[in-house]
C-alpha cells in the first residue's frame with residue numbers, strides 16, 4: 001500500500017447531484033468546435049461516426065493533478081468529494097455510462113498531486129445507433145473532454161496526460177517508483193494567503209545540515225515500523241527508500257524584486273547562475289546571494305520572505321503515512337528537538353509511538369509515478 005490513503009469525509013458537498021448528460025461525446029471532431037455561449041453539459045455531446053469495431057474496451061492511463069484541500073482523499077467514499085469520485089462522474093458525463101477508475105496511489109485528505117496516475121476501461125457506444133461499438137477515442141480527445149467537465153468542479157483538478165495501454169496494464173501494480181515532495185516554509189512571519197494549505201509553516205529557523213544528515217540514516221532498506229501509522233494494510237513494514245533529500249528553493253509563487261531581476265537575468269532574458277558554487281560543483285541558481293536578497297529593505301506592503309525547503313522521498317512504495325511521519329522527525333531535527341542519534345533510536349525502536357508528531361497533510365505532494373510504458 002502506498003502512502004496517505006484517506007478514510008475521512010469532509011464537509012464539502014457531494015457533486016453526485018449534478019445533472020447527467022443526455023448524450024455523450026461520440027465524435028472527436030465535436031471537441032474541436034468552439035464552445036457555445038452558456039453551453040450545457042448536454043450540448044457538449046455529439047453523435048457517433050457510424051463505424052463499427054470490436055466490443056473490447058480501451059484501457060487508458062490517466063495522469064491527474066489536483067489541489068487536495070477540498071478533497072476527502074483520492075479513494076471513492078459515499079457522500080464525500082474525492083478524486084476518483086469526480087473522475088468517474090466526469091467520465092459518466094463524457095461517455096454516458098458508468099466506469100470504474102483505479103488509482104496508482106492513495107492520497108489523504110488535504111494531500112495534493114502534481115501527477116497521480118489512474119487507469120480506466122472505456123467502451124465507446126454509439127448513441128445514434130444503440131448497441132453499436134465505435135472506435136476508441138484518441139487520448140488527446142479524452143483529455144480535452146474530461147477537462148471540459150472537470151473545469152466545472154471548482155477548478156482544483158485536471159487531466160495532464162492520457163495514454164492508451166494494454167488491457168492488463170494496472171496503474172497501481174505496474175508502478176516502478178513513486179516520488180513525494182513535502183514543502184516547508186521557515187520564518188517568523190505568517191504564511192502568505194497564497195500558500196495557505198499548500199505548505200507547512202515552521203516559525204523557527206531550520207538546521208538544514210542536520211536534517212540532511214538525518215536523511216542519510218533513513219535511506220535504504222529498513223523496517224519502517226516507527227514510520228507506519230495504525231491502519232496500515234501493508235504485509236511487511238520493510239521498505240527500500242531510494243532517496244530522502246532536502247533542498248532549499250525559491251517559493252513557487254515568486255515575483256523577483258528589482259535587485260533580483262538585475263542579478264538573475266542575462267541580456268537575452270534567460271536565468272543566469274551564480275559563480276560562487278564551491279567544491280568543484282556546477283553552479284546552481286540556489287547559490288545566489290539569498291541572505292542578501294532576504295535582507296533587502298522591504299517597501300510598504302511587501303512581506304518579508306520565508307525560506308522554502310522541499311523534502312523529496314522516492315521509493316517503489318510507502319507505508320501508510322510514512323512520508324509525513326519521516327518529515328515530522330526531520331523537522332524536529334531541524335529545530336533542535338531531536339539529534340541525529342535520536343533518529344537512529346526512533347528507527348530502531350520499530351514502533352510509531354517513538355516518532356515525532358506527523359507532519360500535516362497540507363505540505364505533501366505526490367510528484368510522480370514512474371512506469372515502464374509499452
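Including glycine, each Cβ sits where the backbone N, Cα and C put it.
Given the structure is predicted, the values throughout are model-derived calculations rather than measurements.
Per TrEMBL, the feature compositional bias 'Polar residues' maps to 7-18.
Taking the domain 'Pseudouridine synthase I TruA alpha/beta' (62-173) as a whole, pLDDT averages 94 in the prediction. Annotation source TrEMBL lists domain 'Pseudouridine synthase I TruA alpha/beta' at 62-173 (among others).
Sequence annotations record features per position, and here TrEMBL assigns domain 'Pseudouridine synthase I TruA alpha/beta' to 214-372 (among others).
Marked as region 'Disordered' by TrEMBL: 1-54.
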Number of helical, extended and coil residues in the domain 'Pseudouridine synthase I TruA alpha/beta' (62-173), per DSSP: 28 helix, 30 strand, 54 coil
